[in-house]
Amino acid sequence: MSATSPAAVVVLAAGEGTRMKSKTPKVLHEISGRSLVGHVVAAARELDPQHLVVVVGHAREQVTAHLDAGDAPVRTAFQAEQNGTGHAVRMGLEELGGAVEGTVIVVCGDTPLLSGTTLGALAATHAADANAVTVLSAEVPDSTGYGRIVRDPATGAVTEIVEHKDATDEQRAIREINSGVFAFDGRLLGDALGKVRTDNSQGEEYLTDVLSILREAGHRVGACVAGDHREILGINNRLQLAEARRLLNERLLERAMLAGVTVVDPASTLIDATVTYERDAVVHPGTQLLGTTHLAEDSEVGPNARIENTAVGAGARVDNSVTLSAEIGAGALVGPYAYLRPGTRLGTKAKAGTYVEMKNATIGEGTKVPHLSYVGDATIGDHTNIGAASVFVNYDGVAKHHTTIGSHCRTGSDNMFVAPVTVGDGVYTAAGSVITKDVPAGSLAVARGQQRNIEGWVARKRPGSAAAQAAQASSQETDGQS
């Protein structure tokens with residue numbers, strides 16, 4: 001913990017979010033690879049607080065399970081009845097044992113654009129000004145629906161926050177709004193919450209009333225104005241969800257470009273907050289970078305690629321393809337129109353070419369699967385070439401089975417490898433073969449019916465047809481040349 005690290009961060013995530021018109025709790029809707037509350041928790045963790053608690057209510061089990069499945073455990077408190085933000089914070093403090101020594105930051109769980117940097121500035125301002133409470137505020141073009149920051153005309157000090165429904169016409173003209181994010185002196189917060197009343201239009205305990213209570217008790221109330229008002233955007237409907245996704249995507253792409261990644265067309269590129277990259281990676285238009293994807297130095301992806309939970313090696317190329325939970329080695333080539341499913345590991349300078357699908361397959365260094373093939377549940381050695389239109393037949397109707405092909409093999413076009421089967425090193429297979437038995441190293445495997453030509457069949461069985469006429473003309477031409 002640093003000198004300005006808060007003692008506790010309380011995240012409010014108990015509301016239902018009826019305006020989302022969804023069976024999914026509002027805070028679990030996702031943008032840029034994380035849920036709304038997941039983004040808030042990630043920002044809060046940047047402050048390295050001693051305690052982090054999320055107050056849950058609506059769909060308690062679902063939200064708690066989501067939080068438990070995250071990168072690190074999150075403590076939760078339960079607000080059984082939705083009695084307002086003040087009541088929610090009381091539930092959070094009770095989970096922490098009551099009064100907290102030090103700074104307590106309260107943040108809403110539906111503000112995914114809020115950055116750790118802004119939260120850090122709030123904590124620093126709170127400590128430097130020795131405030132009892134510091135509100136994170138913002139100047140916005142349209143303050144409709146937000147609580148207004150009311151200041152003393154003479155001193156500029158914050159006197160109260162008035163909710164939109166309770167504001168006068170004069171107060172509704174104020175453009176400085178409450179973000180719903182606060183820093184409190186933990187020693188004073190608990191007592192002040194106990195004095196909050198419910199005589200307002202909603203009949204709820206407003207957390208904002210704590211400001212007036214503390215100010216009237218002679219304590220200092222301050223504000224920290226956010227540098228970018230868009231950070232405090234709260235999500236209440238699908239329109240705001242889409243806007244937040246757009247803004248966050250722009251921020252993430254800007255960060256990537258400043259780190260040395262070339263993004264050819266940011267407007268058509270999507271990136272998740274969990275994606276990592278190295279300098280001189282190139283992202284072409286229409287590309288989605290999702291999940292825990294990593295782009296190594298000099299890698300190149302797109303156009304029109306979906307790269308999800310995939311490690312793309314240095315200098316590798318992915319063109320017009322989909323990769324899911326795959327590993328692509330340095331200098332490897334994927335696509336166009338390839339599909340790498342989970343468990344695919346493509347070796348250094350290997351190739352999964354046009355219309356190739358792979359699943360749970362390990363492909364060795366320099367090995368190529370160039371065209372029109374399915375490789376499932378397989379291990380292929382180094383510097384092997386798989387012929388076009390090959391199928392690794394891995395399913396017998398009950399269970400999946402594995403195929404192993406060695407190094408420096410050359411398999412013919414239109415082969416089928418019926419698992420379980422092992423093909424040794426240096427093997428050649430003939431085109432059209434169905435390989436059902438193991439092939440020893442250095443062998444040529446031929447597994448197809450012998451060709452039989454029945455001469456004159458077309459003339460006898462299809463007399464007068466175009467084929468028969470063409471055959472007759474060809475025969476006459478041949479006879480004339482002899």
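Note that Cβ sites are derived from N, Cα and C of the backbone, with glycine treated the same way.
Acetyl-CoA is bound by A388, N394, Y395, S413, R448 in Swiss-Prot, and the record lists one more residue there from A431, A441, A459, which is A431. Looking at the residues that bind acetyl-CoA per the record, A388, N394, Y395, S413, A431, R448, the two CA atoms farthest apart are separated by 22 Å.
Between the alpha carbons (Cα) of R448 (acetyl-CoA binding site) and N236 (Mg(2+) binding site) lies a span of roughly 64 Å. Closest to N394 (acetyl-CoA binding site) in space, going by CA atoms and restricting to the binding-site residues G84, D110, N178, N236, is D110. Taking the C-alpha atom of H371 (active site, proton acceptor) as reference, the shortest distance to any of the binding-site residues L12, D110, G147, A388, S413 belongs to A388. Checking each of the binding-site residues (D110, N236, A388, Y395, S413, A431) against L12 (UDP-N-acetyl-alpha-D-glucosamine binding site), the C-alpha distance stays within 10 Å for D110. Using a 10 angstroms CA-CA radius around K26 (UDP-N-acetyl-alpha-D-glucosamine binding site), the binding-site residues that qualify from D110, N236, A388, Y395, A431 are D110, N236. Helix, strand and coil counts from DSSP across the region 'Disordered' (458-482) read 20 helix, 0 strand, 5 coil. Closest by Cα distance to D110 (Mg(2+) binding site), from the binding-site residues G147, Y374, A388, A431, is G147.
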